[in-house]
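Colleague: Mind having a look at this structure? Questions to follow.
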Amino acid sequence: MDDAPALVFVPPTPLNFDAPSPSPVRSSTSFPPQPRYSAVPQRASSETAIFSIYSMYGDDPPRSSWSASPPVVVNGSRKSLDASIVPAVKIKLPDNPRQSTHRPNGSADSDTGLAYYDDHDVPPPTREHQPTKVAPRPSSSYAPSSLRTSVLLSEGHTYRTSGTSSHISRSRESTHDPSNHSRHSSSPRCSPVPHARTESSDRDLLLLPPLPPSIPPSRYGTPTPTPPRQPSPAPNTPQPNATPKTLPLKHPVFTGSPASKVSLVPSEGEDMDAFHVRNTYAQLEASGVKGDGYEEGVERTRARVGPSRTSQLNADAALGDGSEKSRELDPKEIETLASVDRYGFFALPSHDRLILLASDPLLKRLAPVPPGPPSAPPHATALRALPPVTTPPKEMSRISKWTRMLTPLARDTGANVATWGVRASKEGKLRARVYKGIPDAWRSAAWELLMSRYARTGIREMELLGREYRDALDKPSTYDIQIDLDVPRTISGHIMFRTRYGAGQRSLFHVLHCFSLRCAKCGYVQGMGPIAATLLCYFDPERVYASLVRLHDAYSMHTVFSPGFPGLLEAIYVQERVTEQMMPGVFLAFKKHMISTTSYATKWYITLFSNSVPFQTQLRLWDAFLMEGYDVFIAVAVAIVWVYRDQITSSGATFETVLSLLSSFFVPEDEDTLLAWIGRMLGDKKLRTSMLRWKEDWRGLVASGKDGTALL
């Protein structure tokens, strides 16, 4: 019985051996340093073909190029690149071979290093190769069902994970049972262990040390803002070692739970750089990071952690240790929390051009008007800083009104309200109260109500979308590298997205990763980031994914994000027709100065004004958008041109002044006046009928191939 068979895990997806092999993890056994080389095949087009939105993001330093590692010489045998090389690992067994190799005191090998380093760093000195010892079979409670890795070692040499290996084939048949591959079970489960094996296979196949206990899966595929605690082991159960803080990012040891979707093996054909990104987020999903919300964090994907002692100490210190919920608040954390506004911003984003969106022009309803006076100044009123965020004076009374207006329709198993409805007696007041502003305390419930009504989705559809989100977490995406580049610069100054790889950034990455797999035609574009980040301020990641799907399917965002952006161009065409009919002088000024609408309005439509107005104004615009549809943003664009019509038609206006004016950051003098003007415009039935006719005209131009000359 002492020679119990070892448990072998195998990858359910065959590895692609055509791509260069990743750098092996350096454990206590090091390999001789080899010269680095650059992979010849070019990276996927997602890095170069992503649409660049004008002035959406600030400058960002270029990402360091990555290179694969060369073949490794093991025991004098040079392994070719057509096989996956798994390094041998030295395992120190306790005196009693029946016990787990993890020590209860949480000790770990301090020399364990990261599997990648900067070109400027010097690789650490190697150590003599040590033979690998047999590890006893771990307890079933320590082997999560989502584990997807195979590390096959033998005395003195390394096995190739070839699909033709008879050992691996037998292991796959006996350990990878599809019936036990539930990714979202309520408790971790272990795949069955083979009970019979030949004496030669017992002698040849070895396994890495037993795995740490898995974290209890949460309801959603992404974590709570702070990492959960480790569960207490059952009595008489061997207590494993604590998860080591060193984070090898190419083939790391599993540290997560079935819900965390830790991906340890790249999928067939997956770019290794993309797998490195996806694997890093999966690892940090399980461990969490320290100082989430008030520390900057340590970069691990856009730049690499070197093997120097300082770099590794900084990387290790940034990993969560499970004490975030139980410890006292750090003084720096208290200082940060005391400085945030009501929406979670600890610092207001800086903008080059802050201008006032005056209220006086909005007091007049939209109607045909002559050009403004030629002597009007070509510049608008500039602001030095954003005004402080204040609570609306009627916030409390509106909370009471919404409380009386909404009623629960369905509850979940925990008796929490799953869906809301509007009382029949209050149905006629819904539109007016939305334009007056949804109270922030009711915004998440109201947004869900408005989207459900507009997209006609119910509880069953939401459950299906939630399952789709969880299943997509473990699938590769060709856009992962670009998404990772955009995540840390999506919303600046917000406490939720401040820390690198914090809960907010991880949730944003996972939502965009899954949504990029939803529609093969849309994929991922940069405008999706600000939309998803705004939704994350009010919904959990699973609900954010469902919201993006409804925006994509029901709110015409599919046409906005599709190649060529046909929905965006349609909105611009309608905006130009409204401008030509109501402000003919402005339309002629655009022609005179050769200003195309796409040069300033593209980022308006593709980000839903996320980076063009203050956050509280954006929320008010989204209130109306989720009720009325995409036409709201056409009305917002017309409102901006309406306010600055005198500056555009001024005799001192030039191409530069007009384009700079319309590319500014707009601060409404009074939000209620702006929303009331938009509501009156969209409430004009004659104008709405004309807008529908112009949309049909645009589709006809596209069909006939004349759309290229139809826009300014």
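Using the three backbone atoms N, Cα and C, a Cβ is placed for every residue, glycine included.
What TrEMBL records for this protein is below:
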type: REGION; residues: 1-44; note: region 'Disordered'
type: REGION; residues: 61-260; note: region 'Disordered'
type: COMPBIAS; residues: 97-110; note: compositional bias 'Polar residues'
type: COMPBIAS; residues: 117-131; note: compositional bias 'Basic and acidic residues'
type: COMPBIAS; residues: 135-150; note: compositional bias 'Low complexity'
type: COMPBIAS; residues: 159-168; note: compositional bias 'Polar residues'
type: COMPBIAS; residues: 170-180; note: compositional bias 'Basic and acidic residues'
type: COMPBIAS; residues: 196-205; note: compositional bias 'Basic and acidic residues'
type: COMPBIAS; residues: 224-238; note: compositional bias 'Pro residues'
type: REGION; residues: 300-330; note: region 'Disordered'
type: REGION; residues: 370-397; note: region 'Disordered'
type: DOMAIN; residues: 437-629; note: domain 'Rab-GAP TBC'
Colleague: Is it possible to list how many residues within the region 'Disordered' (370-397) are helical, extended or coil according to DSSP?
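Modeller: Residue counts for the region 'Disordered' (370-397) by secondary structure: 3 helix, 1 strand, 24 coil.
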Colleague: Looking only at the region 'Disordered' (300-330), what are its DSSP counts of helix, strand and coil residues?
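Modeller: Helix (H, G, I), strand (E, B), coil: 9 helix, 1 strand, 21 coil.
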Colleague: Looking at the domain 'Rab-GAP TBC' (437-629) alone, can you tell me the average pLDDT?
Modeller: 96
